[in-house]
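Student: Look at Swiss-Prot and you will find 878-887 tagged as compositional bias 'Basic and acidic residues'. What Swiss-Prot lists as disulfide bond is 94-551, 111-507, 185-250, 344-391, 574-611, and the listing cites sequence analysis. As annotated by Swiss-Prot, N-linked glycosylation site applies to 68, 73, 85, 208, 281, 286, 302, 405, 409, 447, 555, 586 (among others). What Swiss-Prot records for 152-158, 237-244 is region 'Involved in fusion and/or binding to host membrane', and it gives sequence analysis as the kind of evidence. Swiss-Prot lists 752-772 with the feature transmembrane segment, giving sequence analysis as the kind of evidence.
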């Protein structure tokens, strides 16, 4: 059964092959006799392909076929053909009878000049104003009284100056008015301390009188001082007495004060700092700062002050508004003025008569070659009616007019009105546009002829959102950023002009290249037009124009490239390009052609040449290439392995865009101020605050003078000159006592003095202890202490008998002592009268006392003589007596006096 099935399959295949061969032979009749048998001469060269061909390759073998199998509808075998590559262009037939679209090459190409960036450039005049950082300067009057107290001590011929004390006090307001109207000051000053009025008089005159002000010898450019006393007075006191005198000097100083924006305080050249705005008038606290004590601040309208304090009977001047600030050490006065009349936030910096304003996307660039700087500003103008511009508006307009009259009046006209812009660095630019008269006339003619443009250029609107107010930002102190911006804009202009020239030259080169394409298209129009449009195009000349048509796309899977390029019926002849077979779409009829460039199929196979041996030909198809050696296919190679001739000059240029340089601050103004160890403003303010605190402390100080001394002083002063002299004497004694007590107290406070006192106290305690022990010993042993010669060195009592025997005897016992001589037995003592001692009479007692006195005198004289004799012979007997070391060594066993040689002989 299975054998029958296989037989049927084989028969069917044979029938199909025979039928296909019959159809093929009938369809190729009359076309070419060589088409039916030239493939029999093809070689069976090995089919090789480069491993690097990774692009899409379409082969006719959609299924696995044997090398000897015949291709459908042909007499060729699969081993006689090579696969194809359709990577870049598909296989197509571009031969046509007539084009459907007509084109021509441009002959009159015009290369216009390139404008790098669409910039609106205006020419004009620029006046630049900077922020005024100079402090506001004005005159200030300072009123003071200087009390100088000097103390001296008068010796017999010399007076010693012990020191001086200077105190600055503020005159009362009633005296200030007298000084301002008469240039005179009173010679006294009174102060209330703890409810008591203290009065100081000039030169201790005890009378209050006026003193005329006069110019001081010391003056400078910013301060003028008027005083009542130039020399300090002091008088010598009485001999051996102290003297303290008072010198009172009135001082009026006209100095300079400075205040910077926003004028919250001002500082004088004398070092005083006032936390009040110099423009505060009592009603404008919202606009002007006030930080002092309101009770000590006074404002007087239409106030009169002498024109010269140093000249008597000087003329009076009326001041509109004068402020007075009363302090503990001075009274400060100044004239109150309107801020807008005496200050200005802006000051003139520079003018540029030739300025170019370029308009960027969000900003204006004002470039001046004279200043070598470019300033950036927003497109919004500053309102011309801004109050901050009131002080410079007229000046700026006049400067612009002067520059225009000097440089442009003959050839230029003003173009628009004056505009104001604020730069990124805080500068203010007044801008006046100008334009040549000839251009203005042309614009006027164009405006008259145009129905839509019937008006000239007018001033930009400064209302609404187009205008802004001047900000309060501070000007930068370094304008390097403006010079950097100018450098960048200059380089940008040069580079953009160079790029414009390059672009224009590129256009000229493209025009010439187009002429070359035109001439080359006469040779192969389809190839030239396909290269230009980057797609397959069929082109043919129709006179002076080109007819274009789309190429006919064929069945890509049916394309086969033959391996052999030899012509069978013509020995020695070879095809100049490989032969291919293909089918049109929706047709199974096999067509023959030759492989053209870029996968184009050339109809027919008549393109032959004489065979040249040896030969090497490579035909490109997509990203691969067919290599034929001696007109036989050898292999497919990767197209990337073959170097290319690159004649393309790439040109990728972009114009430089606008860049607005920002003002960068590495450290802010606050950080720079904080980096300093000393801040003069803060120091002066702190010092001023410290001085203000002193006046509050003075009210709480209690007079340390005792009430009784004050009463005594009043009592002595009431007794006249004699009482005053007695009071001076008492004061001197009291001062001496107070000085001694103060010295003792100071000595005790000293660590060395306290230590000395401790040592003295210890010594006193030791002395008291020694005295106490002596008195105790005297009470216990009166005879031994009062009559030391009665006791020998060994502790025995010396009697009037034989001292040689008794000195060596032991002392008698207590029972055998003389105190018990009346006792006869061991029993208790008897009270018998016979044992009692006989009474002594007064005469006997008196004689006994005299005998004791004589005995004491003799014994003492004898002892003194013995001591002197021992001193003379001490050097001879020094070695026999114990020294200090022996005494210390045997101090525990006691010490007995050793007898010398004289005593031994006597024994």
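Positions of Cβ are set from backbone N, Cα and C atoms, glycine also.
So that I understand the layout, could you describe where these features sit and how close they are to other parts?
Tutor: The Cβ of residue 94 (disulfide bond) has 22 neighbouring Cβ atoms from other residues within 10 Å, across all protein chains displayed.
Sequence-distant neighbours of residue 507 (disulfide bond): residues of the same chain at least 6 apart with a C-beta under 8 Å from its C-beta are 109, 111, 112. According to DSSP, residue 507 (disulfide bond) is assigned to a helical segment.
A C-beta separation below 8 Å, combined with a sequence spacing of at least six in one chain, links residue 185 (disulfide bond) to 145, 171, 175, 178, 179, 210, 211, 213, 228, 250.
Under the three-state DSSP scheme, residue 391 (disulfide bond) falls in the coil class.
The local packing around residue 611 (disulfide bond), expressed as other Cβ atoms within 10 Å of its Cβ over all shown chains, amounts to 17.
A sphere of 10 angstroms centred on the C-beta of residue 208 (N-linked glycosylation site) encloses 13 other C-beta atoms.
Listed in sequence order, 288, 299, 321, 336 are the same-chain residues at least 6 apart in sequence whose CB falls under 8 Å from the CB of residue 281 (N-linked glycosylation site).
In the three-state DSSP assignment, the secondary structure recorded for residue 286 (N-linked glycosylation site) is coil. Under a cutoff of 8 A between CB atoms, and with a sequence separation of 6+ in the same chain, residue 286 (N-linked glycosylation site) has no neighbours.
Non-local contacts of residue 302 (N-linked glycosylation site) by the CB criterion (under 8 A, 6+ apart in sequence, same chain) comprise 318, 319, 320.
DSSP assigns residue 405 (N-linked glycosylation site) to a helix in the three-state reduction. Of all Cβ atoms in the shown protein chains, 10 besides its own fall within 10 Å of the Cβ of residue 405 (N-linked glycosylation site).
Non-local contacts of residue 409 (N-linked glycosylation site) by the CB criterion (under 8 A, 6+ apart in sequence, same chain) are absent.
Look at residue 447 (N-linked glycosylation site): DSSP puts it in a helix.
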Student: Counting distance between Cα atoms, which of the recorded positions 208, 405, 555, 586, 611 is nearest residue 391 (disulfide bond)?
Tutor: 405
Student: Express the distance between the Cα positions of residue 344 (disulfide bond) and residue 405 (N-linked glycosylation site) as a whole number of Å.
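Tutor: Between the alpha carbons of residue 344 (disulfide bond) and residue 405 (N-linked glycosylation site) there are 27 Å.
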Student: State the Cα to Cα distance, in Å, between residue 586 (N-linked glycosylation site) and residue 611 (disulfide bond), rounded to an integer.
Tutor: 37
Student: Where DSSP helix means H, G or I and strand means E or B, what are the helix, strand and coil counts for the region 'Involved in fusion and/or binding to host membrane' (237-244)?
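Tutor: When I sort the residues of the region 'Involved in fusion and/or binding to host membrane' (237-244) into the three classes, I find 0 helix, 3 strand, 5 coil.
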Student: List the Cα distance (Å, whole number) between residue 555 (N-linked glycosylation site) and residue 94 (disulfide bond).
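Tutor: Rounded to the nearest whole number, the Cα-Cα distance is 14 Å.
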Student: Between the Cα atoms of residue 447 (N-linked glycosylation site) and residue 405 (N-linked glycosylation site), what distance do you get, rounded to the nearest Å?
Tutor: 27
Student: Far apart in sequence but close in space: which same-chain residues, 6 or more away, have a Cβ under 8 Å from residue 574 (disulfide bond)?
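Tutor: Non-local contacts for residue 574 (disulfide bond): 565, 566, 567, 608, 609, 610, 611, 631.
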Student: Taking just the CA atoms, what is the gap between residue 94 (disulfide bond) and residue 405 (N-linked glycosylation site) in Å?
Tutor: 76
